[in-house]
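Trainee: Quick one: the structure is below, questions incoming.
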Amino acid sequence: MEDKNQTVVTEFLLLGLTDHPYQKIVLFFMFLFVYLITLGGNLGMITLIWIDPRLHTPMYFFLRHLSFVDICSSSSVVPKMLCNIFAEKKDITFLGCAAQMWFFGLFEAAECFLLAAMAYDRYVAICKPLLYTLIMSQQVCMQLVVGPYAMALISTMTHTIFTFCLPFCGSNIINHFFCDIFPLLSLACADTWVNKFVLFVLAGAIGVLSGLIIMVSYICILMTILKIQTADGKQKAFFTCFSHLAAVSILYGTLFLIYVRPSSSSSLGIYKVISLFYTVVIPMVNPLIYSLRNKEVKDAFRRKIERKKFIIGR
């Protein structure tokens, strides 16, 4: 047996996005601005839904959890990324890396299933309006929220355990801005085909299962909309689903490019850009999509502003 002098990795070094000093300044303030908008937009959405009784419906119950998931997924990556931009040593501990990968994967997988639950909610609201309150009971809504977290927990726990049980005995430099699974697998001192196969199967299963629920729901919704006689009725039904369709298209498109495509199909630079999109941009965009295209949210916000002006003016 060949004797190898190997060093066990106890921490990782993140290369980040750039070493150019001016680019660092621009990126820091840009990502800080985006992160603050993400926190403000999603916390604002959660608060508005919480305090306005007219928004205490299943649709906004799911939207509140979607905003929570967006805050958590962004917060698992962005603060550490901001700290590392100007850091001399962009290190992260072995356990810290595992925790970051676990939390981010958990909330991203949960978001996929939450979007599927929201699609089912829209299906019931448009296709079975008379049975809506009966079908979408409080118990069913809780199950449709707990289920995504449970399935995401199982999937992410599997990936994290499989990844961090691998031996890391060579380079500890991760050519990325956070602990993502593909850059980590490239550092392992063992064959990772099992990990990649499990990742492909589980990520594919999450995408296919949630995607099928969304697709079937919207096929039924489309068929129902086409049967509506009035143009106003069709327009109202369409705009009810527009925000959700936009959020689904953005998230699933980026996650498909990252996790389901073959690893050699794009360069590392494009991989980082796509990763930035779903770690930084999507959590910021979601509350904007759901508020700007949603009359009920805009009306609720307007009512709170007018009430505040009335109280101040008294």
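One-based numbering along the chain as shown.
For all residues, glycine too, the Cβ spot is worked out from N, Cα and C.
Keep in mind that this is a model prediction, so the values were computed, not measured.
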Trainee: Per the topological domain annotation in Swiss-Prot, are V194 and V297 located on the same side of the membrane?
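Mentor: Swiss-Prot topology: V194, V297 on opposite sides of the membrane.
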Trainee: For the topological domain 'Cytoplasmic' (218-237), how many residues does DSSP put in helix, in strand and in coil?
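Mentor: Across the topological domain 'Cytoplasmic' (218-237), the residues distribute as 17 helix, 0 strand, 3 coil.
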Trainee: Per DSSP, what is the residue count of the topological domain 'Extracellular' (189-196) in each of helix, strand and coil?
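Mentor: In the topological domain 'Extracellular' (189-196), the DSSP-based counts are 4 helix, 0 strand, 4 coil.
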Trainee: So, in DSSP terms, is C179 (disulfide bond) helix, strand, or coil?
Mentor: coil
Trainee: Is it true that the transmembrane segment (197-217) and the transmembrane segment (25-45) have 3 or more Cβ pairs under 8 Å, skipping pairs fewer than 6 apart in sequence?
Mentor: no
Trainee: Relative to the transmembrane segment (238-258), which of 25-45, 98-118, 168-188 accounts for the most Cβ pairs at distances under 8 Å?
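Mentor: Looking at each of 25-45, 98-118, 168-188 in turn, the most contacts to the transmembrane segment (238-258) are made by 98-118.
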Trainee: Within 10 Å of the Cβ of C179 (disulfide bond), how many other Cβ atoms are there?
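Mentor: 26, counting other Cβ atoms within 10 Å of C179 (disulfide bond).
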